[in-house]
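Structure, as structure tokens:
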Amino acid sequence: MEISVVSLFPEMFAAVRDYGVTGRAVQNGLLSIQCCNPRDFTTDRHQTVDDRPYGGGPGMVMKTEPLQQAIAVAKASVAPGATVIYLSPQGRQLTQAGLAELAAKPSLVLLAGRYEGVDERLIDSEIDEEWSIGDYVLSGGELAAMVMIDGLSRLLPGVLGHHLSAEQDSFAEGLLDCPHYTRPEHFRGMAVPGVLLSGNHEAIRRWRLKQSLGRTWLRRRDLLEQVELSDEQNKLLAEFIRELDD
Ligand SMILES: Nc1nonc1C(=O)NCC1CCCCC1
């Protein structure tokens, strides 16, 4: 997957390019992350990338010319046919399913906005898809772009060590994750659930699924309403709910 980011703060992307799962994906050639700074496409002495909003009001708006040139260079630096994405609270809400759609694309250009946003005419003429990581306002689109990069990278073939990890991710099934434990066996008087020490992989699988279902039922009933549960899942959830009353 080739990704080119248009951002006034390209150095921020070291966080995904140089660390962890995404950093390893870059090292293994499974992911490439390039950056293009609109400031490099300014022609005035002050390298102006923003200007006052028509209609007045607080803050500044990102100018179209530096952005359109940066986007053109960004598109030319990745495989043809790149989807150009703008990160903003006005976009389509990013979910695991959305990440799977994005991970299937050959290349992406991500536009990270700053100030009060981008001239709407740039969005209308250059942006293919607008995406949001949540209903809140950040100071820039960079962190949102990195969230998207991190989430879709996990879905690229070969990126996660255990080939089942991504598919096993609870959100891949539309559920919250089960509890996890590691040594020591006892911590502050709390023991690890016995089933996890049993070596009975089928019992462990069922316990983890039951916990995911139960947690989702308790914490995110809205997610559960979107999932078609199997007979086994319905049975395990009923057991979990019954045991709550014990
Ligand atoms: N939420 C979000 N999801 O994706 N991006 C988000 C964001 O809050 N971005 C910051 C704003 C800041 C002003 C310019 C446009 C982007």
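Placed from the backbone N, Cα and C atoms, the Cβ positions cover glycine too.
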For the S-adenosyl-L-methionine site that TrEMBL assigns to ILE133, GLY134, ASP135, TYR136, VAL137, LEU138, which of the candidates GLY113, GLY158 is also assigned? GLY113
Residue among the binding-site residues ILE133, VAL137, LEU138 whose Cβ has the most other Cβ atoms within 10 Å: ILE133
Please identify, from the binding-site residues GLY113, GLY134, the residue with the sparsest Cβ neighbourhood, meaning fewest other Cβ atoms within 10 angstroms. GLY134
